[in-house]
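Trainee: This is the structure, below, for whatever I ask next.
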Amino acid sequence: MPNSTGKIAQVIGPVVDVAFPINGDLPEINNALTVAKKDGSQLVLEVALELGDGVMRTIAMDSTDGLQRNMAVQDTGGPISVPVGKDTLGRVFNVLGDPIDGGEAFGPDHRRDSIHRDAPKFEDLNTSSEILETGIKVIDLLEPYLRGGKVGLFGGAGVGKTVLIQELIHNIAEEHGGISVFTGVGERTREGNDLYFEMKESGVLENTAMVFGQMNEPPGARMRVALTGLTIAEYFRDVEGQDVLLFIDNIFRFTQAGSEVSALLGRIPSAVGYQPTLATEMGQLQERITSTKKGSVTSIQAIYVPADDYTDPAPATTFAHLDATTNLERRLTEQGIYPAVDPLESSSSALTPEIVGDEHYKVATEVQQVLQRYRELQDIISILGMDELSDEEKVVVARARRIQFFLSQNFNVAERFTGQPGSYVPVEETVKGFKAILDGKYDDYPEDAFRSVGRIEEVVEKAKKMGFAPDDQNTDADEKPAAQAAAN
């Protein structure tokens, strides 16, 4: 049966009402409609509401400039569908799956999947909790990511979000053979452009598909672009059996676009002006991000918090879905510690003995305790100086500073800037290194030897290059009293 044809009844900004014959087949909710504009371009509309008498209210995916009443509108017979598969890697798309990188377009025979899909069924889910090793010490030790989990990435401008994202993409591709999908939702076009060229230069673009719906685009495009990126990621999980990293920057803009669309559709707003369907829309997106028996989609979502108000409905609704948070702190960048992840503010639900093991959990909690004690002592140090501390407190400060520096490491994607080779550190090596520092085995080593290194063995090598010769009697500090270690 041919798909029905209607006519534009009215245009209100990005909202277009389309009248179809009452005795004909009406398009379903979420169906894509097309309008041939006079300039030769084609505008896609998505059905949002049925107003009655054959009139459907739709949301435009691009500018409605040039539309007129009574222009013909064709029902495509299905939702927006986007190209999927290995050919999407290294390419950049818009919300409709059209390439925007100047490359070759996909033919009509290429596989396309609908962006509106159900979450995986219960029987298809992988119920085991498995850690996704990133090779980044501070993440793997203190806020481990769950395979198929969701991570919130917090940080202001210039604290290293982009470099951290690039390193995660690099490590997942190199060590796990995984695929990444980057989705830019409602952010600056310039930032997306810069990210594309940076990823191209660092060599990670070939393992990445990129989808953008930037802040200059209509709210319909910004609301649906996250689903476009997720659909591409789901193909690699469900068909290729891959472990996929899905980056969403910024998940707040997804909510913001939904709020705009809701108001345009005439819905009564809820708390603080947000859409009444906020929790439903967020749930429909987040529940598709999960592990199945075939593969996994692990999501890392940059989150903007309006006015730093964590009780705002938009971030508060997102938090309910997160398994871990990674907080980037400007104070650490000022100290030259990269990645600038705050080890005390970041957290993960996976940091339990049942998931990471007893030794990992014990070392991680001891590291947090030492860093917390150091933070408490900093006020005393800044006012009275180190001399007023007890011998035991001096040991805590010394070890905390070494731990803080050892949490930093060089990134592979930053090697062309720093001239230093990057390092991928397995979880076992990370735990071993921090356990040795906590045990006092490296109390005598200079602090600078711990900066931007990978494994603990690199600390020894760096110290030797600095002219440091460790005393044999200090190599096993378990036998020394803490006060004596501080005195040395």
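Count begins at 1; order follows the chain as displayed.
Cβ from N, Cα, C; glycine included.
Pulled these features from Swiss-Prot for this protein:
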BINDING   Gly155, Gly156, Ala157, Gly158, Val159, Gly160, Lys161, Thr162  ATP binding site
REGION    467-488  region 'Disordered'
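For each listed feature, how buried is it and what is near it?
Mentor: Secondary structure from DSSP puts Lys161 (ATP binding site) in a helix.
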Trainee: Please give me the CB contact count at 10 A for Gly156 (ATP binding site), counting all chains in the structure.
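Mentor: Gly156 (ATP binding site): 11 neighbouring Cβ atoms within 10 Å.
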Trainee: Based on Cβ atoms within 10 Å, give me the single least packed residue among the binding-site residues Gly155, Gly158, Gly160.
Mentor: Gly158
Trainee: Since the record lists Ala157, Val159 as binding-site residues, which of them has the fewest other Cβ atoms within 10 Å of its Cβ?
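Mentor: Checked Ala157, Val159; of these binding-site residues, fewest Cβ neighbours within 10 Å: Ala157.
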Trainee: Enumerate same-chain residues with a sequence separation of six or more from Lys161 (ATP binding site) and a Cβ-Cβ distance below 8 A; give 'none' if the list is empty.
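Mentor: Once residues fewer than 6 apart are set aside, Lys161 (ATP binding site) is near Leu153, Gly155, Asp249, Ala302, Leu328.
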Trainee: Neighbours of the ATP site Gly155, Gly156, Ala157, Gly158, Val159, Gly160, Lys161, Thr162: Cβ within 8 Å of the Cβ centroid, same chain, sequence order.
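Mentor: Filtered neighbour residues, in order: Leu328.
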